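Step one of this worksheet: look at the structure below.
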Amino acid sequence: MPLRPDTVEMLARARADLRMGVPVVLFNGGRAALVLAAETLSPERLAQVQALEGVPVLAITARRAETLKTAAYDGDLARIVLPDDATLAWVHGVADPADDLKMPMKGPFLAMRDGAADLSRAALQLVKSARLLPAALLLDVPATFATDNNLTPIDLTKTADALTATSPLSEVISARLPLSVSEAGRLHIFRPEDGGEEHYAVEIGQPDRAKPVLTRLHSACFTGDLLGSLKCDCGPQLRAALAMMGDEGHGVLLYLNQEGRGIGLANKMRAYSLQDQGFDTVEANHRLGFEDDERDFLIGANILKQMGFSQVRLLTNNPKKVEMMQGAGLTVTERVPLKVGHTAHNAGYLKTKADKSGHLL
Ligand SMILES: Nc1nc2c(ncn2[C@@H]2O[C@H](COP(=O)(O)OP(=O)(O)OP(=O)(O)O)[C@@H](O)[C@H]2O)c(=O)[nH]1
Ligand SMILES: [Zn+2]
């Protein structure tokens, strides 16, 4: 392997840059665009972009555009022309719904209809995968711009697939971990090749690989799993799943670091803040510019296959998880309901999930 970073490694570098507010440059064919994440944009860098030649655009998802009542001419996204006098507060106001209710009259916005949206689309995928608000400032620049300014260049002709693909994972280590539910516990650590977060598998007992294994795909919920939040049912689900595996003597619990249905804890807290303003869990995600569920469910399936499992009895109330597992080539012999932790605080949340996301109550 050459010493030069490959496309996947360049993407990881670009994510780190964007999280720190450093621009990156996206290329496609003969075009190049300077990209900055709206969330981490500084006033100095905004001023520098405004001093360059050309018209900067702020790319937002169609979900965010819907809330801002602006047309998404590109289908899944809108490219809003940055007004000449735009301030950092203007950029943040478009990207972040926190003060939508206080300032309902944002706009009017001028959305671009002409020109290709591929660079904007890739920029949004990149900032989303960096767990930032899905909004990016773009400006067309000459091809030499990345080299001249020592910025990370991303060539979409080589990386477009890697931007959306599920990264392969490999097991780093596993060790015995006696648990209160079973002394025969073992924790496996899986690391993705794209520099993303590690995921964990808790194996209880020694499940027979030739038989369906009692399985839980648990998405990380810091607030519910660790803090005992009453807003969701995650903590009780986590503990009930482990207890069932302990009772049966075997099972596998995957603890997937996809906090907030894949939007990250900071964005989940933004969603909670919107929920305090009266929006439900799905509406809050949409106002932020995200889909209801941004998780990559293939990660769990890949880990199970690597561990040698092909048949599962899946502990879930979410029919989409069952579909995904089957789509990924695993046989779900049974869906085992997991109804615990219902409180007065999370009744509305659970009802919304049943009404809008198809969960079985
Ligand atoms: N974005 C967002 N994420 C949330 C919210 N409440 C909980 N979560 C996250 O949702 C994930 C849990 O997903 P759920 O939809 O409860 O459950 P599920 O895993 O899809 O389905 P089950 O298998 O039936 O539990 C965790 O990653 C939580 O952090 C919320 O209001 N907004
Ligand atoms: Zn939760």
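Count begins at 1; order follows the chain as displayed.
Keep in mind that glycine also has a Cβ here, set from the backbone N, Cα and C atoms.
The model shown is predicted, which means the values in this text are computed figures rather than measured ones.
According to TrEMBL, the active site, proton acceptor annotation covers Asp293. Residues annotated as active site, nucleophile in TrEMBL: Arg295. Per TrEMBL, GTP binding site is recorded for Arg216, Leu217, His218, Ser219, Ala220, Gln237, Glu259, Gly260, Arg261, Thr281, Thr316, Lys321. Annotation comment: TrEMBL describes Cys221, Cys232, Cys234 as Zn(2+) binding site. Here TrEMBL flags 173-337 as domain 'GTP cyclohydrolase II'.
Known features from TrEMBL, placed on the structure.
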residue : record              : Cβ contacts under 8 Å, 6 or more apart
Arg216  : GTP binding site    : Gln237, Leu238, Ala241, Met245, Gly251, Val252, Leu253, Leu254, Leu314, Leu315, Thr316, Leu338
His218  : GTP binding site    : Asp225, Cys234, Gln237, Leu238, Ala241, Leu253, Leu254, Tyr255, Leu256
Ala220  : GTP binding site    : Tyr255, Leu256, Asn257, Gln258, Glu259
Cys221  : Zn(2+) binding site : Ser229, Cys232, Cys234, Gly235, Glu259, Gly260
Arg261  : GTP binding site    : Ser219, Lys268, Asn285, Asp292, Asp293, Glu294, Arg295
Filtered binding-site residues, from Arg216, Arg261, Thr316, whose Cβ is under 6 Å from an atom of ligand 1: Arg261, Thr316
Overall pLDDT of the domain 'GTP cyclohydrolase II' (173-337), taken as the mean: 97
Per DSSP, three-state class assigned to Arg261 (GTP binding site): helix
Candidate with the highest Cβ count within 10 Å, taken from the recorded positions Glu259, Asp293: Glu259
Shell of the Zn(2+) site beyond Cys221, Cys232, Cys234, same chain only (C-beta within 8 angstroms of their C-beta centre): Ser219, Thr223, Gly224, Asp225, Ser229, Lys231, Asp233, Gly235, Gln237
Greatest inter-residue Cα distance in Å for the GTP-binding set Arg216, Leu217, His218, Ser219, Ala220, Gln237, Glu259, Gly260, Arg261, Thr281, Thr316, Lys321: 23
Filtered binding-site residues, from Ala220, Cys221, Cys232, Glu259, whose Cβ is under 6 Å from an atom of ligand 2: Cys221, Cys232
Arg295 (active site, nucleophile), number of other Cβ atoms within 10 Å: 20
